[in-house]
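The annotation active site is assigned in Swiss-Prot to Lys25, Asp150 on the grounds of sequence analysis. Residues or ranges marked as ATP binding site in Swiss-Prot (evidence: sequence analysis): Pro108, Met109, Gly110, Ser111, Gly112, Leu113, Gly114, Gly115, Gly116, Ser117, Ser118.
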Amino acid sequence: MQHYHFSHSLLAQQEKPYRFPCPAKLNLFLYINGKRQDGYHELQTLFQFVDFGDWLDIEVREDNEICLTPELPSLKNEDNLVYRAAKLLQQKTNCALGANLTLDKILPMGSGLGGGSSNAATALVALNYLWNTQLSTKQLAKLGLMLGADVPIFVHGHAAFAEGVGEKITYCEPKEKWYVVLKPNVSISTATVFSDPDLIRNTPKQSLEQLLNQKYANDCEKVVLNHYPEVEEILHRLLQYAPSRLTGTGACVFAEFNDEESAQLAFQTIPKNYFGFVAQGLNKSPLHNMLAKIS
């Protein structure tokens with residue numbers, strides 16, 4: 001299992017292309033407070049990164065071409081968030097440089113782990129560094145929001161409490177627990193979950209302090225379990241070991257443990273026909289840890 005570990009000497013000697021992490025995220029809780037007139041939902045959610053995810057290899061080109069490999073089976077390159085992020089940064093900064101981008105995709109799509117958003121954020125943050133385009137984190141987050149609601153969280157690179165439609169962000173320091181994360185063999189459309197008439201949409205807003213000091217939950221869970229028995233089955237299995245719930249709109253579920261040994265013991269009992277991993281929660285993104293060491 002590949003986790004993100006960096007030493008200063010390793011990075012100093014790193015050959016091109018540079019290799020940047022795109023960590024997964026978990027929604028430790030997710031509450032839906034209402035639906036706005038524009039169709040978007042008001043949320044309160046707590047994001048934390050985990051020490052596991054995709055990789056993006058980047059080689060700077062002297063021309064302004066953006067080349068992304070490999071092309072994902074279900075997605076044209078022009079629609080891939082990595083490609084779109086690179087083009088957006090290039091256009092907004094009038095950068096004359098280009099890049100060869102190679103995405104090592106480990107996280108499944110439609111999983112609730114934020115893989116696509118993390119890929120886009122890594123492209124923005126890493127290219128801003130390599131191209132020396134000198135945008136601030138705030139400016140990069142603004143570009144990220146044009147690509148997806150979760151992208152700014154990954155751009156900021158810090159565990160955070162998000163409100164509204166995800167645009168109001170408060171940095172947070174939840175406990176860095178160990179997680180078993182599993183994905184049943186289904187993909188779930190976020191739009192389908194949010195349009196379901198049975199979705200809870202009226203959870204009262206609470207302060208961050210109140211939310212952090214009560215049992216965590218996910219308002220999307222009931223709808224997802226009703227429609228996807230595979231998710232229900234895997235969640236029940238995890239609940240035998242530890243507090244467990246859905247992340248985002250699924251399909252992934254996670255169980256939280258206080259130490260790695262307990263998490264590994266539970267993980268070893270799970271049938272191997274699921275995508276899954278054990279990883280520690282991180283309040284600072286591995287991407288930002290890496291950049292802090294090489295800049």
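Count begins at 1; order follows the chain as displayed.
Any Cβ shown, glycine's included, is placed from N, Cα and C.
All features noted in Swiss-Prot, drawn onto the structure.
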residue: Lys25; record: active site; Cβ contacts under 8 Å, 6 or more apart: Phe47, Gln48, Phe49, Val50, Leu113, Gly114, Ser117, Ser118, Asp150, Ile153, Phe154, Thr247
residue: Pro108; record: ATP binding site; Cβ contacts under 8 Å, 6 or more apart: Gly115, Lys183, Ser187, Phe275
residue: Gly110; record: ATP binding site; Cβ contacts under 8 Å, 6 or more apart: Ser187, Ile188, Ser189, Ala251
residue: Gly112; record: ATP binding site; Cβ contacts under 8 Å, 6 or more apart: Asn27, Ile188, Leu246, Thr247, Gly248, Thr249, Gly250, Ala251, Cys252
residue: Gly116; record: ATP binding site; Cβ contacts under 8 Å, 6 or more apart: Leu81, Met109, Gly148
Extra residues within 8 Å (Cβ to Cβ centroid of Pro108, Met109, Gly110, Ser111, Gly112, Leu113, Gly114, Gly115, Gly116, Ser117, Ser118), ATP: Ala24, Leu107
Count of other CB atoms lying within 10 Å of the CB belonging to Ser118 (ATP binding site): 28
Cβ neighbours of Gly114 (ATP binding site) where a neighbour is any other Cβ within 10 Å: 27
